[in-house]
Amino acid sequence: MLAKSKTIRVAINGFGRIGRLVFRALLSQKNIEIVAVNDLTHPDTLAHLLKYDSAHGEFKKKVVAKDNTLMIDKKKVLVFSEKDPANLPWAEHNIDIVVESTGRFVSEEGASLHLQAGAKRVIISAPAKQKTIKTVVYNVNHKIINAEDKIISAASCTTNCLAPMVHVLEKNFGILHGTMVTVHAYTADQRLQDAPHSDLRRARAAACNIVPTTTGAAKAIGLVVPEATGKLNGMALRVPVLTGSIVELCVALEKDATVEQINQAMKKAASASFRYCEDEIVSSDIVGSEHGSIFDSKLTNIIEVDGNKLYKVYAWYDNESSYVNQLVRVVNYCAKL
């Protein structure tokens, strides 16, 4: 159990898009101390990419790399370059929580390497490989975490957007079955220009194509909203925007509902994680959002044919900052256990 009154010591493994934004977000948390980052890239490069961000702008703090550390204003953060997490000095530095954001150590075996190194808990910034690892979306099912849980998955950015809508519809109307599509900003797991990739669609130039591909969000939703297990499938359309995405969810419901009833149920569920929006927005309007999911009430619609109804709802998310803020909420929750 982590002491409730003490400052929580955090390390970040993997200083890519998510790792750097987690760093920015955690730095402003009064009860969190970022002790170290681990990445195989040279500290000078890490410092530059932390300071300058094409999607989220310049970091308004002084950032300097010096002697295997990052100096953020006057705060020193250690920088390690270790391939094997088991060899990291987490015990020596009394690390309470590791944010595992490499995308590589997402299995129980891989994440446990941080525990072997002396960390008290690991939060994976991706879907976990095993269902034995609890998958949580803050303000949907995060209260399933208990003090004994050593490895936790904060799910994916898309699952964090989808889950609140599924939770509300399942709770209020019951979902029979459905499908979802995320229109998703391109990511580093695509090719900038046409080049080999195991997914032949992701092999095509990301910045000039609409790229149909897979998403695990529809299948993973059952880990967060158990009542929806097996009821959804889905796919992704990767599009040429830097960040900012939207989920379309199309379902058949057990109970009849109107647009107004659906919107009212979503509005009632609004929270710091789930924003209810009545404005006619576009993707650039939600870049930098701290909400994990932004419900677009103007897009709710119903189609009825021969008494059979299909319901469509939509939610926006910044696939970077929306997710990072949800992950930080999970970190803070774990810090209080």
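Using the three backbone atoms N, Cα and C, a Cβ is placed for every residue, glycine included.
Keep in mind that this is a model prediction, so the values were computed, not measured.
Sequence annotations record features per position, and here Swiss-Prot assigns NAD(+) binding site to R17, I18, D39, K83, S125, N319. Summarising the annotation, Swiss-Prot assigns D-glyceraldehyde 3-phosphate binding site to S156, C157, T158, T187, R202, T215, G216, R238. Under the heading active site, nucleophile, Swiss-Prot lists C157, citing similarity to another entry as support. Annotation comment: Swiss-Prot describes H184 as site 'Activates thiol group during catalysis'.
Everything Swiss-Prot records as a feature, shown here on the structure.
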residue : record                                        : Cβ within 10 Å
I18     : NAD(+) binding site                           : 24
D39     : NAD(+) binding site                           : 22
K83     : NAD(+) binding site                           : 8
S125    : NAD(+) binding site                           : 28
C157    : D-glyceraldehyde 3-phosphate binding site     : 30
T158    : D-glyceraldehyde 3-phosphate binding site     : 26
H184    : site 'Activates thiol group during catalysis' : 25
T187    : D-glyceraldehyde 3-phosphate binding site     : 16
R202    : D-glyceraldehyde 3-phosphate binding site     : 20
T215    : D-glyceraldehyde 3-phosphate binding site     : 22
Roughly how many Å lie between the Cα atoms of K83 (NAD(+) binding site) and T187 (D-glyceraldehyde 3-phosphate binding site), rounded to a whole value?
23
From the Cα of T187 (D-glyceraldehyde 3-phosphate binding site) across to the Cα of R17 (NAD(+) binding site), what is the distance in angstrom?
9
Mind telling me which of the binding-site residues R17, R238 has the densest Cβ neighbourhood, counting other Cβ atoms within 10 Å?
R238
For a quick check of understanding: given the listed NAD(+)-binding residues R17, I18, D39, K83, S125, N319, what is the maximum Cα-Cα distance in angstrom, as an integer?
27
From the Cα of S125 (NAD(+) binding site) across to the Cα of S156 (D-glyceraldehyde 3-phosphate binding site), what is the distance in angstrom?
7
Distance check, please: Cα of C157 (D-glyceraldehyde 3-phosphate binding site) against Cα of N319 (NAD(+) binding site), rounded to an integer number of angstrom.
5
Pairwise Cα distance for R238 (D-glyceraldehyde 3-phosphate binding site)/S125 (NAD(+) binding site) [Å, integer]
20
With every protein chain in view, what's the tally of Cβ atoms within 10 Å of the Cβ of G216 (D-glyceraldehyde 3-phosphate binding site), excluding that atom itself?
15
Go through S156, N319, our binding-site residues, and report the one whose Cβ sees the most other Cβ atoms within 10 Å.
N319
Work through the binding-site residues one by one (T158, T187, G216) and name whichever has its CA nearest to the CA of S125 (NAD(+) binding site).
T158
Binding-site residues near N319 (NAD(+) binding site) (Cα-Cα within 10 Å), from T158, R202, G216
T158
Look up N319 (NAD(+) binding site) in the DSSP assignment and report helix, strand or coil.
coil
Would you kindly give the Cα-Cα distance separating T158 (D-glyceraldehyde 3-phosphate binding site) and H184 (site 'Activates thiol group during catalysis'), rounded to the nearest Å?
9
Rounded to the nearest Å, what's the C-alpha distance separating T158 (D-glyceraldehyde 3-phosphate binding site) and I18 (NAD(+) binding site)? Just drop the number here, would you?
14
How big is the gap, in Å, between the Cα of G216 (D-glyceraldehyde 3-phosphate binding site) and that of D39 (NAD(+) binding site), rounded to a whole number?
26
